[in-house]
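Pulled from TrEMBL, these are the features on record:
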type: DOMAIN; residues: 6-87; note: domain 'GST N-terminal'
type: DOMAIN; residues: 92-214; note: domain 'GST C-terminal'
Amino acid sequence: MEAEGSQLKLYSYWRSSCSCRVRIALNLKGIKYEYVAVNLAKGEQSNSEFLKLNPLGFVPVLVDGEVVVSDSFAILMYLEDKYPQHPLLPSDLAKRALNYQVANIVSSSIQPFQNLVVLKFVEGKIDPQTWARHHIERGFAALEKLLKDHAGKYATGDEVFMADLFVAPQVDGAIRRFKVDMTQFPLLLRLHEAYSELPSIQDAMPESQPDAPPSSSS
Ligand SMILES: N[C@@H](CCC(=O)N[C@@H](CS)C(=O)NCC(=O)O)C(=O)O
């Protein structure tokens, strides 16, 4: 698969919520890309070749010719600047700030606690699932309050914006992987249901990826 006029490569892992954010953006913007699987379960993120792309050893990484960008937020902003179709940010400044806020709550105050490297670190001290659920639920409680007066069909209104790119994979993973009881978070659960009807989001979800194991859709 080749992108128009360039050869975008996305280093990704099927279950990575951070990679999923970028996959959704690429789908929304209609950008084709080459999917390069990095098997986090096998430790491929620590291979010397991959560390040349991202010394932190995390996916996603986007390679666009000579340009190498890691970190989903930076990648999304790069894509937004280069491919303005289907804007990821609203023009209204307050709504735009809300999108940044949601994105950063997920990427700084929820996802890092459930990262593989962290789950391995806490193992033996506390049950990693309990640890992850605690932090996810704390973040979800804040998101419910924050979005209460702003959500429409989607997180910040009736259009899909950046906030949704962070919320959709975070909620999906909370349900499937960490067995969070979403009845505590009715707004997020409603958004999850709305996302399930959007092909651009569903095609980016873990079980639809080329490196997903066959059992992942169950
Ligand atoms: N802030 C970074 C975080 C990247 C990150 O944590 N990626 C995870 C997958 S979602 C990863 O590669 N983890 C590998 C590990 O923990 O060893 C981003 O948004 O891209």
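Keep in mind that glycine also has a Cβ here, set from the backbone N, Cα and C atoms.
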Residues of the domain 'GST N-terminal' (6-87) by DSSP state, where helix covers H, G and I: 35 helix, 17 strand, 30 coil
Mean per-residue pLDDT computed across the domain 'GST C-terminal' (92-214): 98
For the domain 'GST C-terminal' (92-214), the number of residues DSSP places in helix, strand and coil: 84 helix, 2 strand, 37 coil
